[in-house]
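Step one of this worksheet: look at the structure below.
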Amino acid sequence: AELKREKKGVPWTEEEHRIFLAGLEKLGKGDWRGISRNFVTTRTPTQVASHAQKYFLRQSSLSKKKRRSSHFDVVIIMLAVMRGNFI
């Protein structure tokens, strides 16, 4: 019997995203395996890399008007304010 792999992604929780940001800050951009292994243990390195790609695309388009809002935007803005990087 051939196993069918689930194609539909499960949305990231705010907690997973927060931990992802902590891992990103600690290990840097590109160490998706490290972030997956030591931080977001609920996600594979491929899933972490995909999330990072979407995160950076969103970051680069924050100033553009035509964009979907996300509850992660609140987390991003709160982190910026907490770090003193007022947007």
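Using N, Cα and C of the backbone, Cβ positions are placed for all residues, glycine too.
Record features, source TrEMBL:
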DOMAIN    4-56  domain 'Myb-like'
DOMAIN    4-60  domain 'HTH myb-type'
DOMAIN    12-60  domain 'SANT'
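Look at the domain 'SANT' (12-60): DSSP puts its residues at 37 helix, 0 strand, 12 coil.
Mean pLDDT across the domain 'HTH myb-type' (4-60) comes to 93 in this model.
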